[in-house]
Each structure stands twice: as C-alpha cells, then as structure tokens.
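Annotation source TrEMBL lists transmembrane segment at 7-28, 48-71, 134-158, 178-204. Per TrEMBL, the feature domain 'Palmitoyltransferase DHHC' maps to 85-219. Look at TrEMBL and you will find 385-434 tagged as region 'Disordered'. Annotation comment: TrEMBL describes 423-434 as compositional bias 'Basic and acidic residues'.
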Amino acid sequence: MSAFRRFLHWGPITALSIIKCITLTTLYMNSMWWPPNQSFGGFAHQAFFLLLSTLATFNYVMATLTGPGLLPKNWQPKVPEDTQFLQYCKECEGYKAPRSHHCRKCGRCVKKMDHHCPWINHCVGWANHAYFTYFLLFSILGSLQGTVVLCCAFYRGIYRFYYLTHGLEHLASVHFNITSIIMCILGMGLAIGVVIGLSMLLFIQLKTIVKNQTGIEIWIVEKALYRRYINIAKDDFVYPYDLGWRLNLRQVFNDDCQKQGDGIEWPVLEGCDQYTLTREQLAQKQEKRARTRTFKCIAPVSGRWLPIFSQGWRVCTAAPCTDEPRIRLLPEDVIKVTRFRKHWLFGERVLSDLELADNKQKRRKGHIRGWFPRRCAVELTEMTATGTGQDSDAAGEAAPPSTRINGRDVKNGKTLNGHGKQQRRERESGKKYM
Ligand SMILES: [Zn+2]
Ligand SMILES: [Zn+2]
C-alpha cells in the first residue's frame with residue numbers, strides 16, 4: 001500500500017481530524033483567554049502548546065509512514081537447518097522470523113509485531129514503536145493543556161455577563177457565539193477523551209517496552225507458564241528478551257529515535273538462543289492441533305458482533321472481549337475449533353471443495369477464522385473401531401460422526417469414554433488460558 005493510501009482510511013482521517021480539532025479550538029480559545037500577543041507568559045504558553053501539537057502530529061505521521069518493519073516475503077533464516085525452529089507463513093510463503101507475526105489486516109509478516117492499530121492503519125512493531133509511543137505521550141500532554149485552556153475559557157465565557165456587570169471587565173475577555181460555544185464544548189469532550197483513552201494505551205505500551213514483551217508475547221509467555229503449571233512441558237521456560245528495564249528501554253528509545261538492529265536477530269539472555277521463544281511457540285502450536293475439535297454448523301450465523309436478535313442477550317453479554325473477527329456460517333459448514341467458551345467458540349471454517357477448486361473466486365466473503373455462538377454448532381466426534389472418543393483433525397473422513405450437544409455425546413445415548421472425559425477435564429481446567 002502506498003504511503004498516501006495509508007492515510008485514506010477511517011482511522012488516520014479520524015485521528016488527524018481529532019488532533020486538528022483540538023489544536024484549532026484550543027488556539028482560538030487561548031487567543032481570548034490568555035492572548036499570546038499581550039504578554040510573554042501568554043506567548044510562551046501558546047508556543048509550548050503548538051510545540052506539543054506539532055510533535056504529536058510529526059510522530060503520528062512518522063509512525064504511519066515508517067510502518068512496523070515488514071519481514072520480506074519468502075524469508076528464510078541464514079542457516080537452512082534453523083527452519084526446524086520456525087513457523088511457516090502460508091500467506092507470505094516464507095518462515096516467520098523470531099518475534100515476527102503475520103498481521104491479517106496488513107497481509108504480511110511484521111517484525112516484533114505488537115498490535116495492529118487502526119488509528120495509524122498499520123501495525124505497531126519494531127520500526128515504529130518509538131514514534132508510536134512518542135505520539136501517545138505528546139498527544140496526552142497537548143490534550144491535557146488543551147483541556148485546561150478550554151475549561152478555563154469556557155468558564156470565563158459563560159460568566160462574561162457577570163464580569164461585565166460587576167466591574168471585572170478585565171476578566172470578560174472570552175466571548176462566545178453559537179459556533180464557538182459548540183466548538184469549545186466539542187473540543188473539551190475530545191481533549192478529555194484523548195487524555196483518558198491514550199493514557200491507558202501509553203501505560204500498556206510502556207509496560208510492553210519496559211518488559212520487552214509485546215502484546216502477543218505476553219500471551220505466549222502466559223501459555224508457556226500454564227503448560228508448565230499443568231505439567232505438559234517439563235523443561236524450564238525463560239523468556240529470552242527481558243534484559244532488564246534499562247536495556248529494554250534503550251532498544252526502543254535511543255538518541256536518534258531510530259530502530260536498532262535488523263528486527264530479526266535480537267539480544268537474548270545468557271543460556272537462551274535466537275530460537276528459545278520460537279521453539280516454545282512450535283510446541284504450543286502442536287498442542288493446539290491436538291486440542292482441535294470439529295464442529296458442524298446447525299443454524300445460520302450472521303457474523304455480527306452482538307447478534308442480539310438471532311442469539312439473545314445471554315450470548316451477547318458473554319461475547320468475547322477481543323477484536324478478533326466473528327465468522328459467518330451456514331448450516332452444514334464444518335469448523336475446526338481451537339478455543340472454547342461457554343457461549344462462544346473460536347475456529348476456522350473448513351473450505352468446501354468448490355471454494356478450494358475455484359481458486360478464491362467462489363470463496364464466500366468474510367473471515368474464515370473467528371468467533372461464533374456455540375449454540376449454532378454441534379461437535380462431531382469421530383468414533384474409532386474401538387469406540388475411542390478422539391480429538392481429530394480429520395473428522396468426517398471415516399465412521400459416521402456422533403453428535404455432541406452442550407458437551408454431551410448423544411449418539412446412541414453413549415457418552416465419551418474415560419479418555420475423552422479426562423481430556424474434557426483438562427480442557428475445562430485450562431479454559432481460561434485458551
Ligand atoms: Zn505472513
Ligand atoms: Zn497490521
């Protein structure tokens with residue numbers, strides 16, 4: 001995507017409009033509340049605000065233009081044997097370097113991916129982490145100053161008549177008309193919203209930088225610890241990139257605000273190597289495959305975020321709090337489910353032969369991987385010759401499947417055997433980590 005087209009998206013258009021709206025309203029109100037042309041204090045105050053606003057805009061534009069640093073397509077490690085420690089990305093037709101992840105929205109693997117930010121219409125990662133964090137910081141400071149100016153100007157403006165009638169003419173400097181009062185109220189709301197919203201985001205970013213652990217890596221580490229907690233993995237796990245807060249900070253913020261290294265090789269703790277984390281990721285992936293269960297859709301799913309009319313309030317109130325997609329399903333669709341909640345399931349729709357044959361042309365619109373309401377699907381449990389309940393990646397190929405509704409196997413009235421129950425217990429105990 002060209003640099004210009006990056007900005008032609010609701011995220012950057014909204015973000016830049018908000019920045020400009022707060023800046024212009026604050027400048028206009030400040031010119032009446034503390035005129036910069038009448039005192040040095042007023043001038044310095046206005047200049048400081050303009051500096052913050054410029055720095056916020058500059059870092060915003062740089063974060064968008066620089067981008068997170070994309071891993072080249074068909075990327076391979078220097079040593080061919082190292083591919084055994086890495087995941088393969090089908091979309092980019094290459095291996096994923098350590099700390100790289102594929103972003104569905106950018107359609108590419110991103111170096112040290114933290115998250116995809118719709119406001120910059122790009123990912124936040126290795127190359128633009130500093131710009132993005134500075135953008136948050138200067139926006140918060142600028143909006144904080146804007147909030148003070150707008151609130152004070154508003155107060156003076158609405159008491160203008162009182163000041164004029166009580167001999168306090170020097171305070172009656174702010175006068176409103178219908179447009180300026182609406183602008184002032186709107187500006188105040190936006191500035192307060194920016195301070196609250198971005199402060200939370202800045203706090204999360206600083207935590208990420210100080211621990212040198214991106215949003216995605218926090219998730220991987222949590223799963224790694226859980227695997228050891230329930231004794232699936234016996235070895236010790238050390239997160240390799242946390243070099244102490246000083247060195248961690250220096251990796252992102254340095255003298256010239258430039259990215260360090262190549263975003264592929266990272267300094268690691270002693271006793272770890274470049275593939276410590278990727279080996280853990282591979283083990284988790286393998287386990288996830290073993291955990292996958294096959295479901296069949298029995299009622300249409302709209303793919304809406306809050307399907308209140310089709311699914312009712314109980315399903316809506318239990319909707320997963322994530323920005324992961326929701327999928328649209330039709331009866332008879334088969335879904336490979338990897339995450340389980342009481343009312344929602346996360347999985348990937350298996351593409352039909354027709355969709356696969358026509359090379360994407362007949363493929364149904366919308367995501368193929370995402371959340372959907374649990375009540376719209378039933379589990380297909382493949383029964384082997386010995387009648388063992390089996391977790392399978394290939395359900396539907398062999399014996400006729402039994403159907404499980406609300407966690408109970410209903411084929412011939414039989415329930416799962418001991419092995420299946422044990423697995424279910426493990427799944428339930430680990431539910432919150434999935
Ligand atoms: Zn990729
Ligand atoms: Zn992205």
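Backbone N, Cα and C atoms are what each Cβ position is placed from, and that goes for glycine too.
Unlike curated records, TrEMBL annotations are generated automatically.
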Could you tell me the mean pLDDT the prediction assigns to the domain 'Palmitoyltransferase DHHC' (85-219)?
93
Could you check whether the transmembrane segment (178-204) and the transmembrane segment (48-71) come into contact, where contact means at least 3 Cβ pairs under 8 Å with the two residues of each pair 6 or more apart in sequence?
no
Please report, as numbers and ranges, the same-chain residues at least 6 past the borders of the transmembrane segment (134-158) whose CB is under 8 Å from any CB of it.
19, 22-23, 25-26, 29-30, 32-34, 48-49, 52-53, 55-56, 59-60, 63, 171-176, 180-181, 184-185, 187-188, 190-192, 194-195, 198-199, 201-202, 205, 257
Let's see if you can do this one: DSSP helix, strand and coil counts over the domain 'Palmitoyltransferase DHHC' (85-219), in that order.
79 helix, 16 strand, 40 coil
